[in-house]
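Let me begin by presenting the structure, written as structure tokens, before commenting on it.
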Amino acid sequence: MSGAALGLEIVFVFFLALFLLHRYGDFKKQHRLVIIATLLAWYLCFLIVFILPLDVSTTIYNRCKLAANSSPAESNGSYVTLAPSKQKCFKPWSYIPNGIMPIFWRVVYWTSQFLTWILLPFMQSYARSGGFSITGKIKTALIENAIYYGTYLLIFGAFLIYVAVNPNFNLQWNQLQTIGIAAANTWGLFLLVLLLGYGLVEIPRSHWNGAKRGYLLMKTYFKAAKLMTEKADAEENLEDIMEEVRKVSESIKYNHPLRKCVDTILKKCPTEYQERMGRNMDDYEDFDERQNSYPSEKSLVKLHKQVIYSVQRHRRTQVQWQILLEQAFYLEDVAKNETSATRQFVHTFHSQEPENKIIQYFYTPTVEWYWECLLRPWFYRVLAVVLATFSVIVVWSECTFFSTQPVLSLFAVFIQLAEKTYNYIYIEMACFLTIFFLSICVYSTVFRIRVFNYYYLASHHQTDAYSLLFSGMLFCRLTPPLCLNFLGLTHMDATISHKNTQPTAYTSIMGSMRVLSFIADGFYIYYPMLVVILCIATYFSLGTRCLNLLGFQQFMGDSEMTSDLIDEGKELIRREKRKRQRQEEGENRRREWKERYGNRDDSTRNRVAHTDQKESSFSETNTNRPLSKYTRSNGRTERDRIELLQDAEPLDFNADSINDDPLELDSGR
């Protein structure tokens, strides 16, 4: 079992990252390198979070083993442990042999740093570039990242000069490595506290508000009004871009040197626009360089970039609008079914996607009614209380984790109590729940934030390549300081506990932060206390109010703008609901018509086919009969024609209806 736990977690985390990436990315349309790079970044960050509790339990066992093998005098001097006669070391079920974890952390950490500082920024600029060749995209990416790389080198140079000027330090490779790690972790910790302060308050509050049906419905109406505005803006922007593409396509003919670039742009356009432009284009006209002024390649690169962005935005708003409609319809159904006497959930519209038969068997309308109308609100309230309790513990521990005598950090107290009894299952579960909650608070904020239209993680495969790569960069920069902060909260970091004990394998890879004392003893300890101020600001929605004052409409219950947008969204949802009801009624009428007259139509067709077959056989036999018989049968058919003409209704004659043009006659008919 020593390596089984590590292997199982490696496999599980891979499929978890793959599932999340499939939810937000699009494997069919996006470039494979973008998918692989984002998957690797997410996978490494999630892997660090899941493997770190195993490192903690293995370190505690190694400390016990070292203390048991040492004498009591050495135990009081080198290791702060009990005497060997008073303790017994039990190997944990998830024990990892020595030498594996340092290599594992070294590979994972430096791979993630290479991704976040070098590869992902370059791929981000490459994916956003509108160049028509690989060389052009690489050149654009290098130019855009020159300032970015220069800024990082400037920060690293400042730390290097500080160490070189200080006479107490001798420049060595390990110290230079520590300076680089410190610079990266300082940037990550600065952003980590901002995201953590928001998530510690917003996650419990969102679950508490999730139990309020009226609140969710009003917020959905508000989102519908905002999304409709964004959807209309995306459609208008796409129309403008397609008009420019049409003009360029008409001006640059088939034998122009830049025609290949225009064809590349046309392939990125929606299908209906491609067909429309293809009908209105005459490729048999030669271009004349003297008479017309043609766009340059640089302008075509810019247009190509705009086409990619506008098409992606238009597609995303269309999908999000359909998802929001389904959510609004479902919340309205929940509000109607709350007063149902039959206690069976009734949907206004049937699901457009085929449901699983197993889910239909167990999740019956009665079970759905009890869950949605009775159990789910209480479940969300209890979950919100539990999450709020965790948030309070985290805030308290962030403000007191530097105190070692007495130990005030609650997470450190829990780990030390379990360490005395060597209850490794409890240690790993406590560590996992702690770092998992911290990760949820930070990572969920990354998934929620939106930087205008440049960075936005949209579910249902609607996230563009730029946002996926940017999220991978954020995860790789936030995860190492998050793990160091967790080790500080549990006093597993020797820099915080001030004990000469064996460090964890993860801390040994990070190096001793004593090289930069003002960071180790100042910034890393006192800066996390700002999470209290950020939590208070998030609780009173100060950021939301500031954005609302700047003109960015936010959902606020006491705002007139919010009320107007809610009314507008309610009217939009009502309009879409009537439209879908008319569509379903039309489909039901057509289905009833087919069920009622389908057999009759089939029998009529069979009768007509049988009659035609008889007439054809009759005509064949008549060719071999005498002329008199043929004349008699012809007279019989003539009498049938006369009877049919007598049964027909007379037509009114109108001289104005006579027209020699057959097209106009067809249209009039």
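Glycine too: its Cβ is placed from the backbone N, Cα and C atoms.
Because TrEMBL annotations are produced automatically, they should be read as predictions rather than curated entries.
Predicted, not measured: the structure shown is a model, and the values here were computed from it.
Feature annotation from TrEMBL assigns transmembrane segment to 6-21, 33-52, 103-126, 146-165, 177-201, 378-396, 425-446, 466-489, 523-542. Under the heading coiled coil, TrEMBL lists 224-251. Positions annotated as region 'Disordered' by TrEMBL: 576-669. Taken from TrEMBL, the feature compositional bias 'Basic and acidic residues' applies to 582-617, 635-644. Under the heading compositional bias 'Polar residues', TrEMBL lists 618-634. Taken from TrEMBL, the feature compositional bias 'Acidic residues' applies to 658-669.
If you look at the coiled coil (224-251), the same-chain residues 6 or more away from its ends with a CB under 8 A from one of its CBs are 262, 265-266, 269-270, 273, 276-277, 280-281, 292, 294-295, 300, 303, 306-307, 310-311, 313-314, 316-318, 320-321, 324-325, 328, 553, 565-566, 568-569, 572-573. In terms of C-beta pairs under 8 Å, the stretch of 33-52, 177-201, 425-446 lying closest in packing to the transmembrane segment (523-542) is 177-201.
Within the chain carrying the transmembrane segment (425-446), a Cβ under 8 angstroms from the stretch's Cβ atoms is held by residues 49-50, 52-54, 56-57, 60, 92-94, 192, 195-196, 198-200, 202-203, 387, 390-391, 394, 411, 414-415, 418-419, 457, 471, 474-475, 478, 482-483, 485-486, 489-490, all 6 or more beyond its ends.
For the transmembrane segment (103-126), the residues of the chain that approach it from at least six positions outside its boundaries are 33-34, 37, 40-41, 44-45, 47-48, 51, 55, 137-138, 140-142, 144-145, 148, 152, 184, 465-466, 469-470, 472-473, 476-477, 479-480, 505-506, 509-510, judged by C-beta separation under 8 angstroms. Summarised as a single figure, the pLDDT of the coiled coil (224-251) averages 92.
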